[in-house]
C-alpha cells in the first residue's frame, strides 16, 4: 500500500479522520478523531458479579455481542459515513488475548470492506497521546496506571522510554484483587469498577494501617500488600482494630505514595516540570491530589483527565492512529496480528521530534 498516495488522497494538509477500536480488557470502545477533535467515543463495560474477575473468553464474548452496535453509535454520533474515514486504528496490544483478537478481527474486516488503511496501535501509547491531546501537556513525565500496567515513562529520541514499572502486578490489578480478598459484610462491587468503589470507601477511612511499602530503585511491587492483607485483614476487622474503610484508605495512601515517589525520581532525572497521569487508575482523585502536592513542591505542573479519557476508550486509539497515519506509518494486513506483551518502548514514535 502506497502511504504517500494515501496521504495525498486524504489530504494531510486537510482534515484527517481516524476511527479507533479498543478492546484490550473489559471495555469495548470505538472512537472517531478528526484533527484533534473527538467526534464520538461510545463504549461498553463487561461487569462481573462482586468478588469475581473477568475471564478472557467471557470478555471476548461480551465484546462480540456489542461491538457492531457500538460501531453504529460511533458513526451516528459523529455524523459520518464509512467514506468519510481515512484510516482504521485498532489496539494491537498489550492486553488479554481473546478480547484483543475479537476487536482486531472486526477492525481488519471493516478496513477491508471500507478500503481503508489499518493502523495497529500500542495501547499504552494510545493513553499517552490522548492525554497529551486533552491536557495540552508539552513533554511530560508520564505515570501510566491501569489494571494491566504500571509504568513511569518519558519521551526521548523517538521512543517512550520506561524509567520504572511494577515488577509483579499492576496497581489497578492490586486494587481489583484487594476488593476480592477483603472480607467485608458485602463484597465490593465491580460496578462501575472495584477501584472506584474502593476510592469512595477510602474517603470514610480515618485510621492509617501500616502496609508493606515496596519501592526498589525505580520499580515498585504490589503483591506483598495483597499477601499481607489476606493474612492480617480478617483478624483486624473481626477484632475491630480497624474498619474496611480504614483498609481502603490505607491501601490508597500506601500504593499512591509509592507511585508519587518513583514519578518524582524520574522527573528529577529528566529535568521535567510536567507530570501527566494516564490510564484507568488515573481517574482517582486522591492519586491526583497526592501527585499535585509533589508537583507544587517542585514548581511543576500536573496534568490529568477524567473518566471519559482515562478509562480505556476508542478515541485514544484513534488519536494514536491519527498520529501514525499523518507520519506515514500504517500496518500491512499481513502484519496486523495482536501482541499481548507489546512494550511501550517498542514503538517508534515517528510523529515527534
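Including glycine, each Cβ sits where the backbone N, Cα and C put it.
Feature annotations, courtesy of TrEMBL:
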type	residues	note
DOMAIN	43-318	domain 'Gcp-like'
BINDING	123, 127, 144, 312	divalent metal cation binding site
BINDING	144, 145, 146, 147, 148, 176, 195, 199, 284	substrate binding site
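When the binding-site residues 123, 127 are scored by other C-beta atoms within 10 Å, 127 scores highest. Considering only the binding-site residues 146, 148, 195, 284, the residues lying within 10 A of residue 312 (divalent metal cation binding site) on a C-alpha to C-alpha basis are 146. Summary for the binding-site residues 148, 195: the Cβ-based neighbour count within 10 Å is maximal at 195. What surrounds the divalent metal cation site, by Cβ distance within 8 Å of the Cβ centroid and not counting 123, 127, 144, 312, is the set 24, 124, 126, 128, 146, 149, 278, 279, 280, 316 from the same chain. Each residue contributes its Cα atom, and for residue 195 (substrate binding site) and residue 127 (divalent metal cation binding site) those atoms are 18 Å apart. You'll find the Cα of residue 146 (substrate binding site) roughly 11 Å from the Cα of residue 123 (divalent metal cation binding site).
For residue 144 (divalent metal cation binding site), applying a Cβ distance below 8 Å and a minimum sequence separation of six or more within one chain yields 124, 127, 128, 150, 151, 152, 153, 278, 279, 282, 344.
Distance between Cα atoms for residue 284 (substrate binding site) and residue 123 (divalent metal cation binding site): 20 Å, as a whole number. The record assigns 144, 145, 146, 147, 148, 176, 195, 199, 284 to the substrate site; their largest pairwise CA distance measures 18 Å. A simple way to gauge crowding: the CB of residue 312 (divalent metal cation binding site) has 27 other CB atoms within 10 angstroms, across all the protein chains here.
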